[in-house]
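Colleague: Annotation source TrEMBL lists active site, proton acceptor at Glu187. What TrEMBL lists as Zn(2+) binding site is His186, His190, Glu222. The domain 'Aminopeptidase N-like N-terminal' feature in TrEMBL is assigned to 4-78. Positions annotated as domain 'Peptidase M1 membrane alanine aminopeptidase' by TrEMBL: 114-355. The domain 'ERAP1-like C-terminal' feature in TrEMBL is assigned to 431-658. Marked as site 'Transition state stabilizer' by TrEMBL: Tyr288.
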Amino acid sequence: QYSMLIASQLEPTYARTVYPCFDEPAMKATFNIRIVHDPSYVALSNMPAIDVSEMKDENGSLWTVTTFNTSLRMSTYLTAFVICDFDYVTRTERGNEIRIWARKEAVKNGYADYALNITGPIFSFLEDLLNVSYPLPKTDLVALPDFGAGAMENWGLMTFQESLLMYLPSDKFTGRKAMVAIIVSHELGHQACEMLRHLFFLFKWFGNLVTMNWWNDLWLNEGLASYFEYLGATFVEPKLSLDKIFYDHVVQPVLREDNEIGVRSLSESEDKIKGSSSLMSLFDSITYNKGASITWMLSGFLTEKLFIRALTSYLKEFSFSNANQDDLWTHIQMVVDAQDEVQLPASVKQIMDSWTCQNGFPVLTLNLTTGTISQEHFLNKKNENSTDSYNNTWIIPISWMRNGSSQPLIWLDKSSRVFPEMQVSESEYDWILLNVNLSGYYRVNYDQLNLKRLACLLENDPKAVPSVSRFQLIDDVFALTQFGYIQIETALELTKYLAREDELFIWNVVLLNLVPENLESTLKNYEVYPLLKKYLLKRMLPIYHYYAGFIRQNVDALEDDYFAQVYLEKLFATACWLGLQDCLDLSSELYAKWMDNSEYKIPFLIRRTVCCYGVAVGSDKEWNFAWEMYNHTNSTTEDKDVLLSAMSCARESWLLYR
C-alpha cells in the first residue's frame, strides 16, 4: 500500500508552471485556491480550508473539493499546496493555530513534539521583538520525507526536509535539536514579516511581510532571516552559546570562500540577474552566510536596540509591499539621526554599500610601533591573477581591546590611518586585539611584535582573550599563511598554548588547518605525520582526557555540550590516528563491550572512530563481528555506512582483501 504525496516549491520562478501569472516578487495579489483531490487524502494551502464538499467526475468516481479562504496580499512564489495522508499535532499560541504534519508513524512516536513546543514561542518572541502581529489564523509546518530545498517559508504553509523538523528522542547526541531550533526560527522569521527560515529558518523576510523588489536583493530576505534565526534559536535553547555557533557555522566558512576569483558581491545590479538560471545561483552561501555576517556587523555597530528600532519602522512602512536595500538604509539612517549616542563616520548607505556592492572583504594590517592600520582586499598573493586591480576600500568598524580592557569603537574609512592610541609601549604585557569577537567581516594581520605578545599571553593566561577571538586569531593566521601574507612559523607560534585550550570549537579550527582532510593514509602524509604526532599529541592530551572521562563514566552529561555533539568525533579520530595509546585502548574496550552484548550502544558521538579502531587494533574476530552486524537486517543505512568504513580500517591485507 503506497501512499502518495504532492508538495509544491515555487521559489523563485515556478508559480508560472502551476497557474498563469506575472511571476515576479514585486507583483503581489490575493489568491483564491481550490483543490480537487482523492477523498482519502487531505489538502493544505496557505490559508485555512473554509469548505470541503464532494463531486463526481464523468466516470462516476467520487472526489473531494477543498476550498481555502482568500489569502493576504503576497508574492506568487509564496503560494503553496500539499496533498498528503499525514497526521498532525497541534497547539494554539496567541490565537494562531499551529499544526505540525508528518508521516503517521512519526507523529505517533512523538517525533514532531519538539518542533511543536518551540514554534509558538519563536513566533511570540519575534512578534514582541519587532512589534508586529502575525496576520494569519493558522500555520502548518509539514515534514517531507524528501525535499531538496531544505525548508521553505511559504506563508502559512511551511515545508521542511523531514530530518530538519523531526527530533527523535533518541537523538540526544546529534546536535539535531539545535538544528531544528535554528531552522524553525529562520522560516518563521519570514512569517513575521510576511510576518516575522531550517528552524533557524522560521524567519524569512521578514520574509513575507516585505519582499524584495527583485531577486538581486534576495540577501536582504535571507541574510536578515539568518541573523534572526540565531536570535530566535538562542531564545528557545538558552544553553546554545550563540556567538560561538554563529562564528563557527556562518562567518568562518564564508570568509574561507569569499576570496576566490570571480566570487560575486552580495548585492548584484538588477541587469546582471535576468534569466531563471542566474536566479538559482543566488541561493548560495554569499546570500545566506555573508548576508547574515554583514547584518550581525551592522547590528553590532548600531547597537541591537537601534537596529531593532529601525527594522520595526521599516516593517511598518513596507508591510504587504516591496522594498530594496536602500529603503532599509533610509530607515536606519532616520533612527541614527534621531539620537546622539551612536555616531557614524559616513551615511548608513555609504558604509553598507562598501560591504554589499564590492566583492570579497578587507584584511587590516597593523603596525603597533607607529599605530598605523591599513586595509587591502584579501586576495591570494601566491596567485598571480589575483592582483588587487580595483583598489577597493571599505568603511570598517573596528572593535578593539588593549591589555584586556575594551576600547571605544573606531572607524577606518580610507586606505590607511594613524591611530595614536594604538601605539604600544616597550612592555611585553602591552598588547592589542582588533575585531574583538569577530564582530566585523574581515581578517587582521598583526605585526610580529604584537603576535609575539599575543602568543605569550595565550601561554600564560589563555582566558584573557575571549574564546571567539582565540578562534579567530588561529583561523586568521592560517588563512594569512595560505595566502602568502605570513610564514607558517608565525602561525604556529599561536598554537604553542593549545595544551591550555579547553574549547572544542577552537580545537576544531586548529585540526581543520593542521590535520590533513582524510586521515586514512599516513603514507600521503609521511612528512608531516611524525611532526604532528610529536607536536599535537602532547597538546591534545588535556582536552582528550577531559572528554574521555565522560565517555567512560557519564556520557549523558555531554547532552547539552553542542560542540561535543558536532566535533568530538574529529578530536578522537585525530588522537587515534596519531597513535595515542589511550584512544586505541578506549576504542578496543567499547568495541569489545558491543561484541559481548549486541544490545550495547557505543556512544553515538564517537561511534565511527571506535568501530574503525576496534577493527584496526583487533584481529579477524573483530572484523567478522563488523561483517556480521553489517548483514543484520535491522541495521539502518547509517549503521551500514559506519560498519563498512570500519571494515576498511583493518590493518591485515588478507582482511582488507575480504
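Backbone N, Cα and C define each Cβ position, glycine as well.
Here the structure is a predicted model, which means the values were calculated and not measured.
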Colleague: Using DSSP, what's the helix, strand and coil tally for the domain 'Aminopeptidase N-like N-terminal' (4-78)?
Modeller: 6 helix, 29 strand, 40 coil
Colleague: What residue among the recorded positions Glu222, Tyr288 has the most other CB atoms lying within 10 A of its CB?
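Modeller: When each Cβ's neighbours within 10 Å are tallied, Glu222 leads.
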Colleague: Rounded to the nearest Å, what's the C-alpha distance separating Glu222 (Zn(2+) binding site) and Tyr288 (site 'Transition state stabilizer')? Just drop the number here, would you?
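Modeller: Rounded to a whole number, the Cα-Cα distance is 6 Å.
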